[in-house]
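Novice: Can you read through this structure? Questions will come right after.
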Amino acid sequence: MVSIRADEISNTLRERIEQYNREVKIVNTGTVLQVGDGIARIHGLDEVMAGELVEFEEGTIGIALNLESTNVGVVLMGDGLMIEEGSSVKATGRIAQIPVSEAYLGRVLNALAKPIDGRGEISASESRLIESPAPGIISRRSVYEPLQTGLVAIDSMIPIGRGQRELIIGDRQTGKTAVATDTILNQQGQNVICVYVAIGQKASSVAQVVTTLQEGGAMEYTIVVAEMADSPATLQYLAPYTGAALAEYFMYRKQHTLIIYDDLSKQAQAYRQMSLLLRRPPGREAYPGDVFYLHSRLLERAAKSNSSLGEGSMTALPIVETQSGDVSAYIPTNVISITDGQIFLSADLFNAGIRPAINVGISVSRVGSAAQTKAMKQVAGKLKLELAQFTELEAFAQFASDLDKATQSQLARGRRLRELLKQSQSAPLTVGEQIMTVYTGTKGYLDSLEIGQVSKFLDALRTHLKTNKPQFQEIISSTKTFTEEAEVLLKEAIQEQMERFLLQ
């Protein structure tokens, strides 16, 4: 018979008792009452925070948005097809955040900052909250440095500064994305990090933008955040905030950033869908009451930091799509009131072959000439006024049979000025080339040419100036002013090229 050794048993028990760690883990849990259409109703989750992440039994993550007396309304970050009624849900105690690092440059991500370009995982040691507060008044300074878009019409008449928020607004298929991608391409060598956020777009459109950026060598300083049209509404709603968090990471590291939201109409629609399914009361155009706050808290994150924070900047170019030119709809008026100006793209101008189809008359930059180099201010001062007068005259001239000489010459000048603002896609111009273009038009050098020859002449003049008068570009780049020496060089180049052009 085996003898029982009491001392051994007591020692073992004593060791076990000493090792016992009375750690109680309290988990805030709930039960799924109902699920469908990307929304789940949860019973329980008594101490959940608004905006807290919750995890379902089968792994789907959701955000608690509606905290009601009897249940919690959760929006899902996935399709939720495997979630069953009665399954358990636990609160994570975390708010949505994403990893951030330099390694994200050149990559295509989704709204959760996970790569979707098939090039492997991205290593990151830091993380940022998707929704973080905008910089306060003290930490900002006024916009004073230009952000060149490479488009003559914008840089000369609707200048954008670093830290500004400039809305690009227009109907579908008017070239809004083209203006944005051209601006990204023009940041090459300017030490600006770009973030392009595609919200609810076709996958083919996003692929086209990525290809354009790769061909232009712009992907090395660009991050693309994309949530396609078939993505859950929650992710389409989150994508712009993810883009803003990535841009902020670089801004607070004393760098300049440019972020494009393409487009905020789709984000508002995704948010409307979520709100209606959560049974929040609808307001104007069935949007929820806080749709203004949806966009204002996003766009207020764009800023120009003061010197104590390192003078970094985040420039935002939100895009909004209008329905048949109706700028007075709910979302367009909201975003116009939040931003520092708008670039209005017109379908009529686009169809008339004027591209970029910018309606200069109703486009405006509220930062104004503070965001222009001195050289551009010197040359482009009269351009907007002359074009506005021309548009008015042109409308009047349709009814007049015989016009006096002065009116005819003003109309002829206006047509040529409109012609010089035309620019092909993915062909941004340097500041020097823009100054040359505007000067040639406003000083009347193009008046003797046929309208069809204007762009040919300007192309030839750019080449001539680059090869024979390189000092011109050097003066503009180094001094940022249109000096007398630069003007003499430009006049010589124009006359030489004009003689050569007329002989052809």
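Glycine residues also receive a Cβ, built from the backbone N, Cα and C atoms like all the rest.
What Swiss-Prot shows for this protein is this:
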- GLY170, ASP171, ARG172, GLN173, THR174, GLY175, LYS176, THR177: ATP binding site (BINDING)
- SER363: site 'Required for activity' (SITE)
Novice: Within 8 Å of the Cβ centroid of the ATP site residues GLY170, ASP171, ARG172, GLN173, THR174, GLY175, LYS176, THR177, which other residues of the same chain have their Cβ?
Specialist: GLU321, LEU345, ALA347, PHE350, ALA357
Novice: To the nearest whole angstrom, state the Cα distance for the pair LYS176 (ATP binding site) and SER363 (site 'Required for activity').
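Specialist: Cα to Cα, LYS176 (ATP binding site) and SER363 (site 'Required for activity') are separated by 14 Å.
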Novice: Nearest of the binding-site residues to SER363 (site 'Required for activity') by CA-CA distance, picking from GLY170, ASP171, THR177?
Specialist: GLY170
Novice: If you count CB neighbours within 10 Å, which one among the recorded positions GLN173, THR174, THR177, SER363 has the smallest count?
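Specialist: Comparing Cβ neighbour counts within 10 Å for the recorded positions GLN173, THR174, THR177, SER363 gives GLN173.
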Novice: Of all the binding-site residues given, GLY170, GLY175, which has the fewest Cβ neighbours within 10 Å once its own Cβ is left out?
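Specialist: It is GLY175 that, of the binding-site residues GLY170, GLY175, has the fewest other Cβ atoms within 10 Å.
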Novice: Identify, among the binding-site residues ARG172, LYS176, the residue whose Cβ has the fewest other Cβ atoms within 10 Å in this structure.
Specialist: ARG172
Novice: According to DSSP, which kind of secondary structure is ASP171 (ATP binding site) found in, if we only use helix, strand and coil?
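Specialist: ASP171 (ATP binding site) sits in coil per DSSP, no helix or strand.
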Novice: For a quick check of packing: other C-beta atoms within 10 Å of the C-beta of ASP171 (ATP binding site), how many?
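Specialist: I count 18 other Cβ atoms within 10 Å of it.
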Novice: Using DSSP and collapsing to three states, where does SER363 (site 'Required for activity') fall: helix, strand or coil?
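Specialist: Assignment for SER363 (site 'Required for activity') reads coil.
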